[in-house]
Number of protein chains: 2
Amino acid sequence: MPRDRIRLKSLWDRITDAEEAALHVRDGMTVGMSGFTRAGDAKAVPAAIAARALHDPLKITLMTGASLGGNVDRELTEAKALARRLPFQADPTLRSAINRGEVMFIDQHLSETVELLRSRQMGPVDVAIVEAAAITEEGGIIPTTSVGNTATFAILAEKVIVELNLSQPAALEGLHDIYIPTRRPHRDPIPVLQPESRPGVPYIPVDPAKIAAIVVTDRTDSAASILPGDADTTAIAGHLTEFLQSEVRKGRLGPSLSPLQAGIGSIANAVMQGLADGPFSGLTMYSEVLQDSTFDLFDAGCLRFASGSSITLGPERQRDVLNRLEHYKPKLVLRPQEVSNHPEVVRRLGVIAVNTALEFDIYGNVNSTHVGGTHMMNGVGGSGDFARNAYMSIFVTKSLAKGGTISSVVPMVSHVDHCEHDVDILVTEVGLADLRGLAPRERAATIIRNCVHPTYRELASDYFKAASARGGHTPHLLEEAFSWHLRLRETGSMLPRQTVLA
Amino acid sequence: MPRDRIRLKSLWDRITDAEEAALHVRDGMTVGMSGFTRAGDAKAVPAAIAARALHDPLKITLMTGASLGGNVDRELTEAKALARRLPFQADPTLRSAINRGEVMFIDQHLSETVELLRSRQMGPVDVAIVEAAAITEEGGIIPTTSVGNTATFAILAEKVIVELNLSQPAALEGLHDIYIPTRRPHRDPIPVLQPESRPGVPYIPVDPAKIAAIVVTDRTDSAASILPGDADTTAIAGHLTEFLQSEVRKGRLGPSLSPLQAGIGSIANAVMQGLADGPFSGLTMYSEVLQDSTFDLFDAGCLRFASGSSITLGPERQRDVLNRLEHYKPKLVLRPQEVSNHPEVVRRLGVIAVNTALEFDIYGNVNSTHVGGTHMMNGVGGSGDFARNAYMSIFVTKSLAKGGTISSVVPMVSHVDHCEHDVDILVTEVGLADLRGLAPRERAATIIRNCVHPTYRELASDYFKAASARGGHTPHLLEEAFSWHLRLRETGSMLPRQTVLA
């Protein structure tokens, strides 16, 4: 059975177990692993590395596409095997180690990692560990549920370890389009002219001599833990759908809008699901992660095509989609993340980008990453690749967090991932702020009116008024800019003691 | 003489004076004017609008390429004729009005303005006022020393007013390459594959029927007020040249490096001049403003070709270059700023971007625009178009300002234009910090060691240590993050009273 999927027979003798394969990874190495938001990650060899590191200490630099599933990051962290980690993560144990300063985390725009590797500004990659659905007659690697950075890791690495995952359907073959931008300074335009363009090949071309080991596995991807929508996400989706409808009425967009990108997470997923209630048809996605909502929109008949870098689904949708892959396959393509997120393509296609903010401020600067300005949550991910180059850059969040003790809209964000220049539309369950063509003082008035929760509105308004009296293009009281964050730390709430939650 | 330059004879009867032409601009209109960093701006009609507004009040939205020369922004501000201004400015009188909240200023990435106009997310443009060196047989407009946003303003505007400037040499014809990206969502790749690519035409194609007036002028562009280099800029240039040489030695770059972009201003100009002392040859520029340094590098024989959107020169260089234009012309092209700054092309060519910071922080976030976090200086300009998409993003500044009472490196920037993800290399006269592949704590140690002035080093180090003790991926003490800025406001210096300037 595994041998059916290894069509280059000369590779059959590379089949080994995870522990043996893991020996290729040694202290001080840089390791590139497949995996993008829990999809298509290597599962057995990383666990074997972690197990070995418990008694035979080693430290590696670990690069992936984005976050990993299972317990890989936790196990490697607990085994103290991670010296350095990039470009994204979402594991609680690793997050703590990063915030203690024990693991050096490089939080990068997801399209940039392989550019830095190719130009040797980072790297080199010693070993690539990649999950595959099959190996072709020529030794080409067929990825599984994500492409991420896998292709470039495998192409650049000294050695490649393949995890052949028999639980991933053979029908995945043909889903991927592996196009690697040519070397600068003589790079050709990236020939992606629409979401369905397929300029590449359906496998990762690697020299079979580099394939040092093949490990057969059968564990499924970790399912996404997407929360179901609630009244707030329904309201956010409603505001956004209504706004997009009005753009159609004004003739700025057609009924198929413009290709859509949606960030990872429950809120963005719910917002995308909400589009099914709009009068849109023939929608397309040019995104990085395809979540449950993508398939809901397919099933609702309003989505025509989706391009991404991974398919990350809740448990039911995962079984459903993998079982009916042939049904969805003609409408899907998975690409390397440098192509799915490429500024060139995002700008060319005119993507409508919908990403989630951790907090934003009254002028529309967005914090996507740092709790309290200091502690890393997950990473900036692809939001910067999309937001700056989008036709329209939208950020969504609930106006309150932690039972109302936190306002997601603050006087000044404690960390900036997206500056005001990159933020066109903000949406909370309270309403939508259309910031296009507005100066900061106008942005503040609009955001305070439309997005801030009523409980915090007067507080925000008072800050803005006091700051404006002092003057400036972007009025602030530097001595009070973080007063809400400080009050939260000191009292457990951003609200002054006398205020009662509305 | 003017008629020689208006080759479409049917336009001869549109020749009029500035006052008459200015009557096309009425209260509430949106006006797009030529002009990019003092080069190629309309000179007579804007002055006539301002003069009229003194007795016949009107308010307009004024869009340009970037900053204007002469007194246009001052006169329009004094006449209270500006309701709204974008996407960049550099006039002290206008700046004050912006900071008082009297003129709504929209500070935009320079490549984005025309995208927003074309997709009708801003606009429409009622009148375009553009400087020309000539009008072709078909009514095509030959720009002068800048292209900026002129082409799209003229193409989209209801009416076009041409200022035919006889002081601009006729030899400017052929210098420009007007390529307008096709409409999304069916946009073609932008066919600029190297700095010297010329996919466009040498004139702005407009319907001659739209040309409502032609005004003949003869005033030269305002000269740039570039300060000569000093010991600090020489040191900054030295650190950068040495660093680029080491990149060549490591084989990451060849002796012609990668196409160079340099921001506007004295420091970036001096840094570029310094490259003439390095062992580089066959250099190219893919930049927005071509300053004196571009021509110094041509004359030194190390620059092969320069692409920009404007030529902005000091008084001597201006006379010299315009007189010897035929000498330089084969090595030059001026493009629309959406092409000179286009993320697609910047990323494709692998541009090395050198921009000036107002201040940066110990983690490498950059403030390019806001003094004290609140007061606008000029605008973000093209720095964001380049920094995010560059092969390598470099920011330069002197470590001290105002006689040492200000440290340009602070615990936390008071405004973020470029987040740490977009900043690879920082240089002050003290030294260079190579931040590639480093986590925030490592970035801080490197920046404090290499870039902070010795007078502030211990202060910065103490902050970082105290913040690190509290934990976090990006350690900060939110209650002290702006303490240096606040001390400056209260005492006139960022230094505590007991500290003596080293």
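Think of each number as a place in line: the chain as shown, counted from 1.
Cβ from N, Cα, C; glycine included.
Residue environment of A:Glu288 (active site, 5-glutamyl coenzyme A thioester intermediate) contains 31 other Cβ atoms, counted within 10 Å of its Cβ in all protein chains. As annotated by TrEMBL, active site, 5-glutamyl coenzyme A thioester intermediate applies to A:Glu288.
Taken from TrEMBL, the feature CoA binding site applies to A:Asn378, A:Gly382, A:Lys402. In the three-state DSSP classification, A:Lys402 (CoA binding site) falls within a helix. Within the same chain, no residue at least 6 positions away from A:Lys402 (CoA binding site) has a Cβ under 8 Å from its Cβ.
The domain 'Acetyl-CoA hydrolase/transferase N-terminal' annotation in TrEMBL covers A:15-215.
Looking just at the domain 'Acetyl-CoA hydrolase/transferase C-terminal' (A:325-458), the mean pLDDT is 98. According to TrEMBL, the feature domain 'Acetyl-CoA hydrolase/transferase C-terminal' maps to A:325-458.
The 10 Å shell around the Cβ of A:Gly382 (CoA binding site) contains 29 further Cβ atoms across the protein chains shown. Annotated pair A:Gly382 (CoA binding site) and A:Glu288 (active site, 5-glutamyl coenzyme A thioester intermediate), C-alpha to C-alpha distance, rounded: 7 Å. Mapped onto DSSP classes, the domain 'Acetyl-CoA hydrolase/transferase C-terminal' (A:325-458) shows 45 helix, 36 strand, 53 coil. Its Cβ taken as reference, A:Asn378 (CoA binding site) is surrounded by 19 other Cβ atoms within 10 Å in the chains shown. A:Asn378 (CoA binding site) sits 16 Å from A:Glu288 (active site, 5-glutamyl coenzyme A thioester intermediate), taking the C-alpha atoms as the reference points. As a whole number, the greatest separation of Cα atoms within the CoA-binding residue list A:Asn378, A:Gly382, A:Lys402 is 26 Å.
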